[in-house]
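What follows is a single structure, written as structure tokens, with notes after it.
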Amino acid sequence: MTTSDDGEIRRWHEWLVLLAIFLFAFGLRWYYVSHALVLEPVRGDATQYYAYALNLSNHGIFSKDLPGATVIHPDNYRDPGYPAFLALWMKALGAGDAWYAAVLLSQALLGALTVAFATQLGRHWLPLPWAAAAGVMMALWPHSITINGYLLSETVFGFLVVLGILSGAVAFQRRSTHLAALAGLIFGAAALTNAVLLPFGMLLAALLAWRGLSPRKLCIALALGACVLPSAWALRNAIVVAPVTGTSSTDRALLNLAQGSRLEFQSAWRDSVLGDEEAKARAKAVFQHVDDDYAQLRSSPLHGVEAMLRRFSQHPLQFARWYLIQKPALLWGWSIEIGQGDIFVFPTRNAPFQTQPMWIALAAICHAANTLLMLLALAAFLFGWPQRNRLGSRPPTTCRVALISTLSLVAFVTLVYSMLQAEPRYSIPFRPFEILLALTTLYTIAVWWQQRRTDPG
């Protein structure tokens, strides 16, 4: 058998492994969304997403005004990506039960594709067995399964982020300007699904150019591609949206900043829903402080930030620990704070994680491993960022681009959410990258141990 035949067999073997992981992930997600019952699925953030989709489908206007409003006012409070996804299904199926089922099943499909694409991304620097192990973990991770059952943006956003990073890695591997521009467009689409990613494509391009990891023309193509869709959306907002207080994405970001500056906000939210009358009164006082901070930030961002810094200066160590340790740990934590709790955002019944022993055991195992997973992912920054890893080897540039992109993304979202509002739900789209980095650390340790056994000196 020739070398080319061996290579062809290996490629087919790899594709079969990816297909098996995809089918496994899709089967789990399809089973979950087919059995779990979300009580009042149009609630919380989903209420606005549904209103946006309904107005887009019926009137062609992006607005959060609820059905029955006399006048529909265009706004940009939410990002347009996920409402557009919902509106496409509404155009095809109406807004009834068939639409709801189609959305959940399509989210199950996108969730499974996310797992397969993230596994393929891991192959840029991990051997197939380790990348496949990461893929199986992604397929099984409870948060990544349950999120597919809600009318929330995380599934679509996570799919676009993984596809963007993978497309960028392939573009730099093949030295393709067109693929780099396409990766930028995908980053732009992800940013229009969740604005937290808005500057990431440009920052990643600048980092790769600065570190000399890619030709400048590819970095320029990536940056320009990442600007196209957000620029078009900004132009629409400048032309169509009237400057009404409380209806812009800037207002939403300022509100998140105000909420995230209050250590007790998450517990206050839970007290407002589950607490007794005394707890609800305390929660109301916390919400009033948040509203006051938000009003000051909105009227004068500079004065609002100065007021926050004065408050921080009264307890500097407490707030330093909050922003540097507690908020990152909360972001990558387990139990969803603003929601039902544990792995559920909205009240859910008859979910396999609630009724079936194997699923319950899986959730318990993942819960126990969650903190270790976070620490292993953090350790990957020690192995992956230097040009030479701890074993003294120098990985190929194409492998480093994929790994550096993943490290940069995890660092970026941790920093941004730690500055704003940290919540385990927000890390769900990035769990595949956390798992890849954790497996990278384990792989590095395994190689080091093997080298030590074979060469004790």
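Including glycine, each Cβ sits where the backbone N, Cα and C put it.
What TrEMBL says about this one:
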TRANSMEM  12-32  transmembrane segment
TRANSMEM  98-118  transmembrane segment
TRANSMEM  125-144  transmembrane segment
TRANSMEM  150-172  transmembrane segment
TRANSMEM  179-210  transmembrane segment
TRANSMEM  358-385  transmembrane segment
TRANSMEM  397-420  transmembrane segment
TRANSMEM  432-449  transmembrane segment
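No contact links the transmembrane segment (432-449) to the transmembrane segment (179-210), because fewer than 3 Cβ pairs that are 6 or more residues apart lie under 8 A.
Ranked by number of Cβ pairs under 8 Å to the transmembrane segment (98-118), the listed stretches 12-32, 125-144, 150-172, 179-210, 358-385 are led by 12-32. The stretches the transmembrane segment (358-385) and the transmembrane segment (12-32) are not in mutual contact, being linked by fewer than three Cβ pairs under 8 Å (pairs 6 or more apart in sequence).
Sequence-distant neighbours of the transmembrane segment (179-210) (same chain, 6+ residues past either end, Cβ-Cβ under 8 Å): 79-82, 153, 156-157, 160-161, 163-164, 167-168, 170-172, 216, 218-230, 233, 249, 253, 401, 404-405, 408-409, 412-413, 416-417, 420, 429. Beyond the ends of the transmembrane segment (125-144), by six or more residues, the same chain brings 13-14, 17-18, 21, 24-25, 28, 111-112, 114-116, 118-119, 158, 343, 353, 362-363, 366, 384, 395, 399-400, 402-403, 424, 428, 431-432, 435-436, 439-440, 442-443 to within a C-beta distance below 8 angstroms of the stretch.
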